[in-house]
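Engineer: Got these off TrEMBL a minute ago, pasting:
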- 83-100: compositional bias 'Polar residues' (COMPBIAS)
- 105-115: compositional bias 'Basic residues' (COMPBIAS)
- 114-167: domain 'Peptidase M12A' (DOMAIN)
- 269-381: domain 'CUB' (DOMAIN)
- 382-494: domain 'CUB' (DOMAIN)
- 494-535: domain 'EGF-like' (DOMAIN)
- 538-650: domain 'CUB' (DOMAIN)
- 694-806: domain 'CUB' (DOMAIN)
- 807-923: domain 'CUB' (DOMAIN)
- 74-119: region 'Disordered' (REGION)
Amino acid sequence: MLHPVPGKRTNSAPDLFFFSLVAFLGDIALDEEDLRAFQVQRAADFRPRMIQNPQLRGPCWALSPPSALHPPAAKAFPLLMPGNSSAPGCQGASGQPQRESQGRWRGRPRSRRAATSRPERVWPDGVIPFVIGGNFTGSQRAVFRQAMRHWEKHTCVTFLERTDEDRTHGHRTLGHDPPPGSALGSATECLGSGRVVTCGGTLASHLSFLTYLPVDSHSHSSFPPRGIFLDTIVPKYEVNGVKPPIGQRTRLSKGDIAQARKLYKCPACGETLQDSTGNFSSPEYPNGYSAHMHCVWRISVTPGEKIILNFTSMDLYRSRLCWYDYVEVRDGFWRKAPLRGRFCGGKLPEPIVSTDSRLWVEFRSSSNWVGKGFFAVYEAICGGDVKKDNGHIQSPNYPDDYRPSKVCIWRIQVSEGFHVGLTFQSFEIERHDSCAYDYLEVRDGHSESSTLIGRYCGYEKPDDIKSTSSRLWLKFVSDGSINKAGFAVNFFKEVDECSRPNRGGCEQRCLNTLGSYKCSCDPGYELAPDKRRCEAACGGFLTKQNGSITSPGWPKEYPPNKNCIWQLVAPTQYRISLQFDFFETEGNDVCKYDFVEVRSGLTADSKLHGKFCGSEKPEVITSQYNNMRVEFKSDNTVSKKGFKAHFFSDKDECSKDNGGCQQDCVNTFGSYECQCRSGFVLHDNKHDCKEAGCDHKVTSTSGTITSPNWPEKYPSKKECTWAISSTPGHRVKLTFLEMDIESQPECAYDHLEVFDGRDAKAPVLGRFCGSKKPEPVLATGSRMFLRFYSDNSVQRKGFQASHSTECGGQVRADVKTKDLYSHAQFGDNNYPSGVDCEWVIVAEEGYGVELVFRTFEVEEETDCGYDYMELFDGYDSTAPRLGRYCGSGPPEEVYSAGDSVLVKFHSDDTITKKGFHLRYTSTKFQDTLHSRK
């Protein structure tokens, strides 16, 4: 990008003025060679134009407008100051004096603000250390590396992934601050298509950022949230009716490359070689080379590969110690890397093998020489011995697709007394169930006969790996067909801190992790703020015969992220009974978030009595033996009041003759009671069981309902009912799987009736019989009632049906507060993907609708374009929209201006969250203001 060039008062001749100001690219003055690179002819494209000014001793000069430039130059210099005679005191074409500029240039010299005027913004030797933050995915890391390779290919900068051993080059976190610094931890805005090259420039002395500065006052900037089809920087002004183009977003422009090479004083001769094989030679080989030549070749292959360099021809001027003309090879990424040899004369050097993935080759000449010069070829080889305490290994050609038919073996060895830790940064290898084609194999040792840790393929990153010794063996194999992006791993020396005498300073338990460790506590204790000591917490080991336990913070709401374990132990031949006095936790069915879990035994795999959540108190629980385990767990979101329970120990009367009970005997405190199984009720004698009625309450969101005695024939003279209730705001749906009921045209004999409500007084949705499966039946609300009847004659197999829920529908608001949930399993599972639901909440005439949000957690996006809840002040989406909401914060209370509100909920096919819970009621409040805090 270019600075505008202000007009100048000058007494110099036109040619002198032109040579003093050819062009400026940023704050880098372009010379004749630069202009030739941009295909700009000085005489044709930068013709100075004289403007007479009688008040000045000499002429006033300005450059020709961009329309005079060749197209490449016009694009390269879009903001070059057109010849508009804006210099103070200059006259226009009419001969009239022009108004003095009121702009930023009036009365002061041109400021120098780009990288060339600030030496501290230039990385020493062009070496830029960086760290990619852990918040980026493998594919994002690959994009960053591709951008860095793009910069290295076209300039002489080098991006060096920093390790703990690096001391030569500095390191700071990358944002939009000037260097030095480079951790790609806050640069997620760089991930759009094409933008990563610009962000690579940000690393390189923030080159692109600096060159954007002159553009700011001449352009509009807009950054659309999605899509690469919109321009991000749009010129404000037109030149000769055309808006000049400003840059591009897919690769470095010639201007970017020219600035970077000039900024870092890149040699005019040489290049960065990144292919797996290649060659290079002295200038004009084999016709001799010129005096005072300086060339640098930087060979860079994939980390984990090594380079074999062969000189196939050598004919340089020979001198003592190769003082004059020479070619020098260094084992690393820069001019101070270890020297592998300085060569001159005619003797061919031995092949050179790098110790890592980079070589530096430098050629200098001091005199004209009639010899040929030199010619060299190189090849990348993968695998080998890797003897260092940390580093990086990548598949060949990473981050691009790995090459076919490769076999690479790495033998990693760290310092004795340590283990090898291996973490995967990116992983994408051809998928196969048994990893038969392409794969990465890891073994715990130094050879192919060592213990196999795993063979990996597919697209999921493997778990971190730790060896049992100081050695680890890796083998990568690709076949001749499908190629993928490959893998990138970091390795480092790992020590087991928990094996030290002080166990890492942990008071109770020490758990070793890869690269670190953490302390933990025994049941009944939790970590103190110093993360090493343990202090008493909820839970514990209790041997009392009776007592009580409560959730943390009782009777207030329990805190988030708590895990409490109580271990109860009674005397031998006793049983422990647990009775809940109060119970209220998040959840209702699946108990995925907050729950209480009760087991017979003391371990986490003992017999499970139940996992409880919601607001319904569990029944009395009695252990099988003389011990019981009670565990309470809460997540990081919704908190409730919790629970209070008391426990007591009692001798088990049921242990002898089942207590005289016909079916089940349940021990109670000081006594016992008999219970009957499903389908039976307790006899009046309190010990025997008799056949029960056939009335059922169904509260699960989905399940199966069958006729009595299914799949055998149903009994005669039987009447059964099912009262199904679902989550508020979700309609019950009944789908028939099988139907075989005595047939009659009016279904007057045996039949199944379905009602749209809580009981048989609700509207009838259908009466069914025969052998033809009916169509699915959908209730208008969250309740459905089924009644099956059989007479005393013919019996058939009966029916089997499944019940489920569907969101949406019309609900009525009245003075009583009602609930509405985003999905039927709210509190147990996240809302499903690919959902579109609409609820119409209607109040009686003359009343409005009030909405109050109790919970709201929907995928967040700037414009709420992915998942969202939308409110309209009416029956449908043509009504005024009250708002679109997403994220983790609930919206404000909402009041309708009319008698109805439309609630729309949409989720896409990716990320899902907890959802929302709102309460609605009718209200007299109606105004043009629809919401308040």
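Heads up, the Cβ atoms here are built off N, Cα and C, so glycines get one too.
Keep in mind that what you see is a predicted model, and the values were worked out from it rather than measured.
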Engineer: For the domain 'EGF-like' (494-535), what are the same-chain contacts with Cβ under 8 Å, counting residues 6+ beyond its ends?
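Structural biologist: Tertiary neighbours of the domain 'EGF-like' (494-535) are 417-421, 423, 464-467, 541, 565-567.
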Engineer: Give me the DSSP three-state residue breakdown of the domain 'CUB' (694-806), ordered helix, strand, coil.
Structural biologist: 0 helix, 58 strand, 55 coil
Engineer: What are the DSSP helix, strand and coil residue counts for the domain 'CUB' (269-381)?
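Structural biologist: When I sort the residues of the domain 'CUB' (269-381) into the three classes, I find 3 helix, 59 strand, 51 coil.
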Engineer: Within the domain 'CUB' (538-650), how many residues are helix, strand or coil going by DSSP?
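Structural biologist: Per DSSP, the residues of the domain 'CUB' (538-650) fall into 0 helix, 56 strand, 57 coil.
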Engineer: Summarise the model's confidence over the domain 'CUB' (694-806) as a mean pLDDT value.
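Structural biologist: Across the domain 'CUB' (694-806), the average pLDDT comes out at 89.
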